[in-house]
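Here's the structure, in structure tokens; my notes come after.
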Amino acid sequence: MQLRLLVVDENPERSDVVLAGLKEAGYDVVATISKDDDLRQSIKAHQPDLIIIDLESPYRDYLEDLITINRENPRPIAMFVAQEDNTLISEAIETGVSIYVADGLSPKMVKSILQIAIVQFTKFRKLQEELDKSKVALADRKVVERAKGLLMAHKGLTEEEAYHFLRKLAMDQNKRLAEIAESILSLAQLFKG
């Protein structure tokens, strides 16, 4: 499958060289836009697999826009800049840029750099998904623990009995354990005040 690329380039002359290199490497460049064009709209319109940003120097507002774009439409982003700036490198990576290459875009190296960007993006997304699942599991566990504590205090149950009580309710109602625990805590709050 041929990767679909969206290229953001602020230099039209350099853009022609970049496009030729990308096409020679076997990529399908679905659109080329300037840094002033609406990147979000271009992503929606063209649905690229990867975004290449080739700038002299990324400015902070552009990096902040990438945060929102990455949240809405996560995909690998390869950023090529003309000059190195350690602060901007950190900020770019924080916004979701998969790979940041100082010294501009070299047509010879583009294929391997884009492959690295895809691998980095995939690894990051997997880690992010695992982190999100862990956060949900931890939050669920806290809710279940609070509900068990409430049942132990008000119904005189042991911890094991409280857990089995919650589990039976969840199974009977075909709901997650955390949902039942939330319902019990909500009811307790309602009758508390």
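Here the Cβ of each residue, glycine as well, is placed from N, Cα and C on the backbone.
Marked as domain 'Response regulatory' by TrEMBL: 4-118.
Per TrEMBL, the feature 4-aspartylphosphate maps to Asp54. Following the DSSP three-state reduction, the secondary structure of Asp54 (4-aspartylphosphate) is strand.
Taken from TrEMBL, the feature domain 'ANTAR' applies to 124-185. For the domain 'ANTAR' (124-185), the model's pLDDT averages out at 94.
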Q) DSSP helix, strand and coil counts for the domain 'ANTAR' (124-185)? A) 56 helix, 0 strand, 6 coil
(Q) Let me check the 10 A CB neighbour count of Asp54 (4-aspartylphosphate). How many other CB atoms are there? (A) 23
